[in-house]
Amino acid sequence: MGDRFVVVPVEKGVGVGVAGVGQHSEAVVADPAPESVGSGGPAEEKVAGEDSVFEPPGDPNVQVPILKYNREPNKYGDGVPKENSPFINNTDNDKGNNYDGTNMALFEDEIEINPMVSSLLNKLANYTNLTQGAQEHEEADNDEGPKKKEVKSPQMGTFMGVYLPCLQNILGVILFLRLTWIVGTAGILESLAIVLLCCSCTMLTAISMSAIATNGVVPAGGSYYMISRSLGPEFGGAVGLCFYLGTTFAGSMYILGTIEILLTYIVPKAAIFVAEKKEDEVNALLNNMRVYGTCCLALMSVVVFVGVKYVNKLALVFLACVILSILSIYAGVIKTIFEPPDFPVCMLGNRTLQNNNFDTCLKTKIIDNLTVTTKLWRLFCDGPELNATCNEYFVLNNVTEMQGIPGLTSKVISENMWSVYGPLGKLVDDKKLESVGVGASAQDKYLPYVVNDITTFFTLLVGIYFPSVTGIMAGSNRSGDLRDAQKSIPIGTILAITTTSFIYVTCVILFGASIEGVLLRDKFGDSVKGNLVIGTLSWPSPWVIVIGSFFSCCGAGLQSLTGAPRLLQAIARDGIVPFLQVFGHGKANGEPTWALLLTAGICEIGILIASLDAVAPILSMFFLMCYLFVNLACALQTLLRTPNWRPRFKFYHWALSFLGMSLCLALMFICSWYYAIVAMAIATCIYKYIEYRGAEKEWGDGIRGLSLNAARYALIRLEEAPPHTKNWRPQLLVLLNVDSDQGVKHPRLLSLTTQLKAGKGLTIVGNVLEGTYLTKDTEARKAEQNIKSAMSEERTKGFCHVVVSSNLRDGVSHLIQSAGLGGMKHNTILMAWPGTWRQANDPQSWKNFIETVRESTAAHHALLVAKNVDSFPTNLERLGEGTIDVWWVVHDGGMLMLLPFLLRQHKVWRKCKMRIFTVAQMDDNSIQMKKDLQMFLYHLRLNAEVEVVEMHDNDISAFTYEKTLVMEQRSQMLKQMQLSRTEREREIQSITDESRNSIRRKNQGAPSTTRSRSTSAAEDTQEDEAQLIHDRNTASHAAINDKAEVGPDRVHMTWTKDKLFLERNRNRECNANVAVRDLFNMKPEWESLNQSNVRRMHTAVKLNEIVVNKSQGAQLVLLNMPGPPRNRGGDENYMEFLEVLLEGLNRVLLVRGGGREVITIYS
C-alpha cells in the first residue's frame, strides 16, 4: 500500500446513491501501490459490493461512483412516496441543489425527498399563490409579443393601496344625495345613532377582517376568500354569492345615483318622460331612471369589457372628485359663519313650497301702482284675477321667505335635534311658523308643496344609510398589489373607517347646525329651485358638489362592475357551485366575459326597480350577511384556537367578533325584516345546494374543527378527506412504556404531551404488552388503569389504548395502523429515546425503535422522539428566561416551526424565547439566507430570533475515523454473535473485563490526555469503556489506544501528504515521532472503513459541535431527525450516529415530518 490515505468526496453536482439491502454504498480510492506506481499502472480501486467507478472521457482524474441498488418501495417504509406539497417531494425544487460534500452526509437520504433548508429558503420567503389581479389583466392586455412581460413585484403601500381605495368605496352616493334628508328626517340625535350604529358594525367587522387577513397571505378575493377558507366551501359559497349580489346591486345603486344627479340637478330638460300633472312626477322620474340607467349600464359594461386598465386609470380621478367635494362642504360650512349663502325658501304658512314654477315668493306685487298677481297666485287660484277662486289655505295664510342656510351661528341646531317622521304625501312644514285654517287635504298633492315621497321611519333610514359605510373590503381585495398586506390591510382599513366615521359624524352635526329643517327634509331640493341640498352649502359653487358627486357615482359604478364579475369568476373557478362553472371562463387574458354578462343582467334588475331608496336596503342585506360571517369566522377561529390561527394583528377578541356578528344580525332585521328573511333563505338554499351537489373542496375550515367534539355525523364528515394544512394540528399517539409491575416508566412524556396540546388535537396513549391476550388480560387492565391515573395526574386529556401482542414490534405496528376512529386518527407519534439501548440484554430494544421510525414514515405520520425525557419539566414548573432552539436542517413540512409555537402557549414554556438556526454550506449566501428566513417567519406570523450557522467543509478528523472504527467493530460483533443468552452474557462480561484492563493500562501510560472535543481524560475513559463493552476485538483496540495515547495530543488531523509532513516535522521538534509512527499502524484498519459511515459520522460530529456550542444552555433543542438507512444492515450504526449527534445536550426533541406541510403562510 502507499504512504498516504485519501478520502475522495463525490464531485459537485453528482448525486449520491444509496445502496440496496445487503450492500454498502461507498467510493474509496486508495493510493497506488508502489509496484503499480513504478509500472505506471492504474491506481487501486476499493469499491464495496457491486459498485463501480466510471471515468468520464477527457478527464481521467475525475472518478464518479456508479452505485447499483435495488430499492424495494413500501416494504419496510423505505421509499414510501410522500404527499404532494409545494416544497416537499417536489423535483423542481431539487434541481441544481444536489448534495455536495461531507457536511450533511447524515441527511443525504433525506435530501432526495426533503430539500435542504439552505436551498429552499428563498422559495419559502418569496412563495406566492396569488390569483390573477387587475395588474396582471392589464399586462395581459398590453402583451402583444410572444414573450409575456414580467409581473412587477407589488409596490403599493398602506396609503395608496388600502386607505385611499377604502375611502373612495365608503364615501359615495348616499353622502351626497341622502345624508341631508336623513338628518332632517331623523334629527341630529337619531342620525348620530344611525351613523354610530353602522360605523360600529363596520369597525368591528374590520377588526375581525384584519385578524383573518393577517393570519397569512390573502390572495385577491377579499371576503369570499377569507370566509370560504375559514368556514368551509358551503358557507364560503353561500356568503360569497350573497356578497356578489350585494356588489352587483351596489352597481345598480351607483348608476341610479348617477342618473338622479344627471336628470335632477345637471340637465333636467333631458328627461324623456315629462309629467303633465304633479301626481305623475314620481312615475315619470322612475321611467326616466330606467331608460337612462339601462343606457348607462350598457356603456359602463362596454368600458369594463374593453379593458379594466381604463377603470384603474380613472380611479384616481374619481377619488379626487370625492375628496374635492368633501373639502368644499367643510369650506362652505366655515363660510356660513361669516357670509351665509343666499338660498331662500318660500313658505306658505308653515308649509314649504316648490319654487321651480314661480319667480318671487309673493302672492301679488305692485307694478306701476297696480296690484298684479304673481305666478304663485296662479298656482293656487283658478285664474290670474284678484277675485279668482283660490285655495282656502292659500287665502288664510301669508307667504314668507326664510333663508335655507342660516349658518352655524343661527342656533338652528336646537330645532333640528329631533326627528320628524311622516307617511307618504305628508307636507314638509316648519312647526315654529304660524299656520291658520284647515289641515292637509287630498287636494294638497296637486299643489306645489314639498311632500314626503315615501313613508319615513327609523329602520327605513338605517337600511338606506348603511350602504354608505360599506366598501371596507377594498383593501383586502387588493392584497395582491400590496407591498406588505399584513401590515397595510389593518392599518389602512381601520384608518379609513375612522376617517369616514369622522366625516359622517361631523357632517350630521354641521348639516343640522347650518341648514333649516324644512330644507333638510326636501329630498330633491325643490324648495331651492331644484338645487342639490348639500350643494347649496358648498363653496365656492354648488356645481363643485354636483359634478364631483356625479363622477364619484360613475367611478363607484365602474368599480362595482369590475369587481363583481371577478368575484363570480373566483367562485366559479373554485368549482363549489357546479352550475356556475361556465362563468369561470373568459377572454384569453382572463377577463371574466360571461360573468360580466350575468352581472350586467342582475344589475339591470336593480335599475328596473329604479328607486335608490328601494335598492339600498337590498344591498344592505347582502353586505350585512357577508360581514356577519366575517365576524363569525374570526370568533370561531379564536375560540377553537387552531395551531394555524396566529394573526399578526393582535387587537382582536372573540367577544368583539361576537358583538359584531350580533350587530350585523340585528341591523338586518332593523333595516327590513322581510328582506332579511329572503336573504337568509337564499343563503340557506345555496348552502344546501353546495353541500349536496358541490363542496368537493377542502380548505381547512374552522367548522370542521368543531367536528372533533361531535359524534357519528361529525366522524363521517371528518373521514371524507384529510385535513387541510391550515387545519392541521398534532393528533398524538404517545407510545408509553411500563415496567414489570405495569407502572409508567416515563411520566414526563405525558407532561410533554399536555404541554403540546395547545393545538387542541386528539391524544391517544398507547402501550404494548408481550404475550397473549388470554394470559395477559389482567396485566393489560392494570397497565391501562395505571396509565389513566398517570394521565390524570399530568392533566393529559385523551384516550388510553393497551394492546397485547406476541412481540413488541407487531404490537406497535398495530397501534400505528389502527389507533383512532374515522377522522379522529393520530398523525403524530411521540415516544422516548431508548437511552439504554447499548446496555440492553435484548438487542430488540433498538431494533424496535428503528422499525417504529420506518413504520411512522410508511404511514405518513410525523415522529417526535424525546431524548432525556425524564429531565423535561412537569406541568407545575415554570421555566424562566430561556430559549427553545430550533435547528432547521432539512424542510419536511414545518413541524419544527409549529412545535415551539404550541409549547409556548403553555404556562411552562411561555417565557421562553424561540430561536431558529439553519445551516449554510460554503457556497450559500448566509446573509441572504438570514433575510429570507426572517421574511418566511414574518409570513408565518412567528416571532423568533434567526441565526444562520456556516458549516465549513472541513477535512475528516482522526477522531471521526476512530469513532467510526469502534462503531463498525461493535456492529460486526452484534451481527455475528448468535449465542444463547447465558453465552452472550459470559461473552459480554469477558469483553468488559478485557476493556477495563485495557483502559487501566492506558491510564497508567498516559494519565492526562486531551482530544479535539475538549473532554477530560476521565470522561474519555468512561466513554471508551462504554464503547468497548460489546467489542470482540478489544485487545487490538487497547493496543491501538495505548499507542495513540502516548503522544501529546489526541490526534485531530486529516491524512493527506502535506498535512502529514507538517505533522511529522512538528512531532520531530517535540521529540514525539514515536506517536506518529504508531498512528500509522492504525491505517490498515481505517482503510477498511465504510466511507459512507465515515461521512455520516463526520456530519454527526460536526453538527453536534455546532449545536452544543450554540444551544447547550437552551431549555429545549428541536432538531431534524435523520431517517434510518435503507440498508437494514446499518441499523446499529444509525443509533450510534444519533447518539453522537445528541451528545452533550440535555433536553432534545428529535422531529421527523410526516411528508406533508403542517404550517402555511396563508389564512
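The backbone N, Cα and C atoms fix where each Cβ goes, glycine too.
Curation does not apply to TrEMBL; its annotations are automatic.
Under the heading compositional bias 'Basic and acidic residues', TrEMBL lists 981-997.
According to TrEMBL, the feature domain 'Amino acid permease/ SLC12A' maps to 162-338 (among others).
Marked as domain 'Amino acid permease/ SLC12A' by TrEMBL: 450-733 (among others).
Positions annotated as domain 'SLC12A transporter C-terminal' by TrEMBL: 747-865 (among others). Residue counts for the domain 'SLC12A transporter C-terminal' (747-865) under DSSP (helix as H, G, I; strand as E, B; rest coil) come to 59 helix, 26 strand, 34 coil.
Annotated domain 'SLC12A transporter C-terminal' per TrEMBL: 878-1004 (among others), in sequence order.
Look at TrEMBL and you will find 1095-1163 (among others) tagged as domain 'SLC12A transporter C-terminal'. Here the domain 'SLC12A transporter C-terminal' (1095-1163) is broken down by DSSP into helix, strand and coil counts: 32 helix, 11 strand, 26 coil.
Feature annotation from TrEMBL assigns region 'Disordered' to 27-63 (among others).
Here TrEMBL flags 76-95 (among others) as region 'Disordered'.
If you look up TrEMBL, you'll see 976-1025 (among others) marked as region 'Disordered'.
For 157-179 (among others), the entry in TrEMBL reads transmembrane segment.
Within its own chain, the transmembrane segment (191-214) has Cβ neighbours under 8 Å at 182-183, 223, 226, 230, 458, 461-462, 465-466, 468-470, 472-473, 476, 479, 485-486, 489-490, 493-494, 497-498, 500-501, 504-505, 508-509, 512, 624, 627, 630-631, 633-635, 637-638, 647-649, 651-652, 656-657, 659-660, 663-664, 667, 941, 1163, counting only residues six or more beyond its boundaries. Marked as transmembrane segment by TrEMBL: 191-214 (among others).
As annotated by TrEMBL, transmembrane segment applies to 235-256 (among others).
The transmembrane segment feature in TrEMBL is assigned to 289-308 (among others).
For 315-338 (among others), the entry in TrEMBL reads transmembrane segment.
Residues annotated as transmembrane segment in TrEMBL: 454-474 (among others).
Below 8 angstroms of C-beta separation, residues 158, 162-163, 166-167, 170-171, 175, 179-181, 183-185, 187-188, 191-192, 195-196, 199, 202-203, 206-207, 210, 326, 329-330, 333, 336, 343, 345, 347, 352, 402-408, 410, 412-413, 415-417, 420, 428-430, 450, 468-469, 472, 475, 527-528, 533-534, 536-537 of the same chain, each at least six residues beyond the ends of the transmembrane segment (494-520), sit close to that stretch. Positions annotated as transmembrane segment by TrEMBL: 494-520 (among others).
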When counting Cβ pairs under 8 Å to the transmembrane segment (157-179), the leader among 235-256, 289-308, 454-474, 594-612, 618-639: 454-474
Recorded stretch that, among 235-256, 289-308, 315-338, 540-558, 594-612, has the most CB pairs under 8 Å to the transmembrane segment (618-639): 235-256
Selected stretch (most C-beta pairs under 8 A with the transmembrane segment (289-308)) from 315-338, 454-474, 540-558, 594-612, 651-676: 594-612
Cβ contacts under 8 Å made by the transmembrane segment (594-612) with residues that lie 6+ beyond its boundaries: 173, 177-178, 245, 248-249, 251-253, 255-257, 260, 286-287, 289-290, 293-294, 297-298, 301, 304-305, 561, 564-566, 568-569, 572, 582-586, 618
Interface-richest range of 235-256, 315-338, 454-474, 540-558 toward the transmembrane segment (651-676), CB pairs under 8 Å: 454-474
Integer average pLDDT (0 to 100) for the domain 'SLC12A transporter C-terminal' (878-1004): 74
Intrachain neighbours beyond the transmembrane segment (454-474), with Cβ under 8 angstroms and 6 or more residues off its ends: 162, 165-166, 168-175, 178-179, 182, 185-186, 190-191, 194-195, 197-199, 201-202, 205-206, 209, 222-223, 246, 250, 253, 419, 421-424, 493, 496-497, 500-501, 504, 613, 616-617, 619-620, 623-624, 667, 670-672, 675
